[in-house]
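Quick look at what Swiss-Prot annotates:
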ACT_SITE  Tyr159  active site, proton acceptor
BINDING   13-37  NADP(+) binding site
BINDING   Ser146  substrate binding site
Amino acid sequence: MAGRWNLEGCTALVTGGSRGIGYGIVEELANLGASVYTCSRNQKELDECLTQWRSKGFNVEASVCDLSSRSEREEFMKTVSNHFHGKLNILVNNAGIVIYKEAKDYTMEDYSHIMSINFEAAYHLSVLAHPFLKASERGNVVFISSISGASALPYEAVYGATKGAMDQLTRCLAFEWAKDNIRVNGVGPGVIATSMVEMTIQDPEQKENLDKLIDRCALRRMGEPKELAAVVAFLCFPAASYVTGQIIYVDGGFMANGGF
């Protein structure tokens, strides 16, 4: 089993691991010795990622799952449980989407879609994983939240609501599951350099909003996925055994500056 500052012998599930923040988290945990399972909606992306990870000697497996589907989530968790023989040390609820619109312009289909992936899937997978986390005798859940969960940002009312709900779920589960030796924490990214951000800044108005966010950061730059992944890994280390119910912001100092 792992020492204080590594994850040797640990099992980990990271949702949405084929790109961006999720990809960075998979690499970080695997590099620290964990056996990792991940998922994506795109088989081709997963195959390309698996080739890269295996060339680096990482122990990673993956399968396709549409996390907006309750039945697929249930089948996926059965697959993960079988792969790890019923014991899971780490669950990182990373998968999420954002739809940039004013709240009044959201359709109910938009609302249902973003809620189902960002909040319902994270909650449901956590509940499905609970017996396997408990069986490991040292479980960790990490929710990937956002500065949007605690700060009002343009065009992110519903996205921010999903992350605010996630933050409260983090605190509640930390108390409910402590008796099962499961710690629950959240990591709130600021602006992280991912393909999603690259697509967003193609819109001049969105680029202007993004530049304003970066200007409010103490470090005056975007973060890298590996910088966020390092904090996720820390929360999973045995050395972090007294940390639970916390939301840690990896935002270059944005929240320290009073938000937007």
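Each Cβ is built from the backbone N, Cα and C atoms, and glycine gets one as well.
Mapped onto this structure are the features recorded in Swiss-Prot.
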| residue | record | DSSP class |
| --- | --- | --- |
| Leu13 | NADP(+) binding site | strand |
| Ile21 | NADP(+) binding site | helix |
| Leu29 | NADP(+) binding site | helix |
| Tyr37 | NADP(+) binding site | strand |
| Ser146 | substrate binding site | coil |
| Tyr159 | active site, proton acceptor | helix |
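Within the set of binding-site residues (Gly17, Gly33), the lowest number of other Cβ atoms found within 10 Å of a Cβ is recorded at Gly33. There are 29 other Cβ atoms within 10 Å of the Cβ belonging to Leu29 (NADP(+) binding site). In this view, the residue listed as 'active site, proton acceptor' is surrounded by 22 other Cβ atoms within 10 Å of its Cβ, with every protein chain counted. Nearest to the residue listed as 'active site, proton acceptor' in space, judged by Cα atoms and limited to the binding-site residues Ile21, Gly33, Tyr37, is Ile21. Applying an 8 A CB threshold to same-chain residues 6+ apart, the list for Leu13 (NADP(+) binding site) reads Val36, Tyr37, Thr38, Val80, Leu88, Ile90, Leu91, Val92, Leu125, Ala129.
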